[in-house]
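Novice: Annotation source TrEMBL lists transmembrane segment at 21-44, 145-165, 172-192, 198-219, 231-252, 258-277, 341-362, 374-392, 399-418. Taken from TrEMBL, the feature domain 'Major facilitator superfamily (MFS) profile' applies to 103-539. Under the heading region 'Disordered', TrEMBL lists 467-513. Among the features that TrEMBL reports, compositional bias 'Polar residues' is placed at 501-511.
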Amino acid sequence: MLTVDDVLEQVGEFGWFQKQAFLILCLFSAAFAPIYVGIVFLAFTPDHRCRSPGVAELSRRCGWSLAEELNYTVPGPGPQGQCLRYAVDWNQSALGCLDPLAGLAANGSPLPLGPCDQGWVYDTPGSSIVTEFNLVCDDSWKVDLFQSCVNLGFFLGSLGVGYIADRFGRKVCLFTSTLISAVVGVLTAVAPDYTSLLLFRLLQGLVSKGNWTAGYTLITEFVGLGYRRTVAILFQLAFTVGLVLLSGLAYVLPHWRWLQLAVSLPVFLLVFCYWFVPESPRWLLSQKRNTQAIKIMDHIAQKNGKLPPADLKMLSLEEDVAEKLSPSFVDLFRTPNLRKYTFILMYLWFTSSVVYQGLIMHVGATGGNLYLDFLYSALVEFPASFIILVTIDRFGRRYPLAMSNLAAGLACFIMVFIPHDLSWLNIAVACVGRMGITIVFQMVCLVNAELFPTFIRGFGAGCRGNDAASSRDQGDHFARDHRGRREPAEESKTQRKQDLPSGSNIRTQRTGTRERCFAGDLVAEMRTEFFTWRDVQKP
């Protein structure tokens with residue numbers, strides 16, 4: 001039986017076609033970064049104080065510096081000085097320039113304080129949704145609601161996006177969600193009020209994660225076995241590139257509306273990539289659309305400058321099924337092993353999502369240079385990807401995953417005891433935690449990609465992102481793609497079984513001059529168990 005991986009071995013596992021598709025799809029990964037963490041710059045809260053009529057005129061008349069103006073007219077540092085003001089008429093002529101409030105307090109009693117009913121003054125050259133809509137003091141919770149809307153969108157859209165990818169194809173899901181996300185991004189930039197801003201943010205969350213999920217799935221289904229792990233990690237690294245570019249763009253464009261436009265308008269250009277990225281041949285085979293899959297494989301051979309195999313028309317899916325398979329949420333819990341790993345991965349996605357986004361939000365609360373702190377924390381994701389590449393074959397999945405979780409947890413625990421004024425130490429420890437949780441994220445993506453069949457791959461991705469609620473999202477790919485090959489020698493099976501403490505690890509071994517990947521026995525058991533169940537349920 002000729003499989004997709006067999007064909008790719010002959011026409012090129014990572015040839016010109018795969019390289020072109022990889023670079024294009026990486027653009028989608030980078031474009032997702034501003035949606036996921038853009039709140040750091042779109043909703044930053046600068047130093048602020050109550051606007052008091054007459055203070056500016058008095059300050060000009062007396063020639064006060066900013067420090068003197070704050071000392072004379074603001075009740076004090078912290079929340080009191082930011083959310084309350086002296087109930088004083090600053091326009092009265094009796095006020096002097098030297099300690100103007102000294103004669104107003106009777107018998108040394110404190111002056112009465114009042115709310116900031118005249119608005120606020122913000123110490124920033126730029127703007128954010130906080131400064132434009134005055135989301136401070138009693139309304140500061142609305143900043144969290146702004147981010148919660150996109151997270152709620154991720155939550156509600158996860159199942160829908162995964163279902164679309166499995167029911168109608170990866171390509172349709174990718175470009176449809178990209179176009180809608182771009183349109184909603186522009187509408188967000190021109191939102192006239194806070195309510196419409198929340199609505200557009202929710203809509204963007206509903207569709208945007210389809211970009212990353214479908215892109216991840218597509219690129220891992222286009223390449224051969226020997227390159228699948230590498231392109232999966234590098235695709236996630238493109239998200240990090242998007243973070244780095246976002247920090248520079250936010251520095252150049254400190255006004256939130258211009259920044260939102262700058263990250264949304266280029267996304268429209270990605271829609272034109274529709275004619276350069278074909279549908280996944282593996283998905284087409286799972287839908288019994290063999291003719292289209294054969295045409296795409298022939299196209300890949302031509303782009304790579306290779307001749308397709310003579311028996312290409314015998315192409316079939318690794319899961320040998322006779323009927324078209326439709327995805328279902330219940331399929332993720334059909335068998336004991338699927339239930340077990342579905343719940344485990346849900347928990348891992350939830351915890352890593354909370355920690356990852358929490359560390360990003362922490363960067364904006366340290367009081368240091370927002371742009372540099374964000375850049376430093378983003379740069380640590382590069383060595384995190386390198387660590388995965390050099391350790392995954394040596395130590396497998398489970399041990400790096402456990403150690404990285406431990407490092408991230410310890411970093412978060414230590415930050416609780418670091419004084420707020422030691423911003424450099426806060427950032428340093430946060431970067432360690434960020435590196436650890438990035439390794440967890442990418443490792444879970446790989447493990448998650450090795451457990452589910454093609455026809456519920458996107459659905460599985462959606463459910464895990466759904467549980468995470470605020471995750472970077474993930475594209476799923478199944479390691480049972482490897483099982484269209486002939487069975488390896490018995491001693492290799494024994495070695496693999498010893499090498500699979502997590503049940504889903506994949507070890508790379510040398511067979512002659514060609515590198516091959518072998519799936520673990522437990523993963524094969526899950527595949528057999530699932531499709532046996534499907535056969536039993538047939539009428």
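Glycine residues also receive a Cβ, built from the backbone N, Cα and C atoms like all the rest.
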Novice: Given the cut-off of 8 Å on Cβ pairs that are 6 or more apart in sequence, determine whether the transmembrane segment (258-277) and the transmembrane segment (21-44) share at least 3 such pairs.
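Specialist: The transmembrane segment (21-44) and the transmembrane segment (258-277): touching, yes.
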Novice: Please figure out which one of 198-219, 231-252, 341-362 racks up the most CB pairs under 8 Å against the transmembrane segment (374-392).
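Specialist: Counting Cβ pairs under 8 Å, the winner is 231-252.
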Novice: Which residues of the chain, 6 or more past the ends of the transmembrane segment (198-219), have a CB below 8 A from one of its CBs?
Specialist: 18, 21-22, 25, 28-29, 31-32, 35, 145-146, 149-154, 156-158, 160-162, 164-165, 170-171, 173-174, 176-178, 180-181, 184-185, 187-188, 191, 231-232, 235-236, 239, 277, 280, 445, 457-458, 461-462, 465, 472-477
Novice: Same-chain Cβ contacts of the transmembrane segment (231-252) under 8 Å, 6 or more residues past its ends?
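Specialist: Same-chain residues near the transmembrane segment (231-252) but 6 or more away: 14, 18, 22, 25-27, 29-34, 37-38, 40-41, 212, 215-216, 219-220, 223, 259, 262-263, 371, 374-375, 378-379, 381-382, 385, 388-389, 438, 441-442, 445-446, 449, 472, 475, 477.
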Novice: Per-residue pLDDT averaged over the domain 'Major facilitator superfamily (MFS) profile' (103-539) comes to what?
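Specialist: Value for the domain 'Major facilitator superfamily (MFS) profile' (103-539), mean pLDDT as a whole number: 76.
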Novice: Sequence-remote contacts (6 or more beyond its ends) of the transmembrane segment (399-418), Cβ cut-off under 8 Å?
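Specialist: For the transmembrane segment (399-418), the far contacts come to 348, 351-352, 355, 358-359, 362, 387-388, 391-392, 425-426, 429-430, 432-437, 439-440, 443-444, 447, 501-502.
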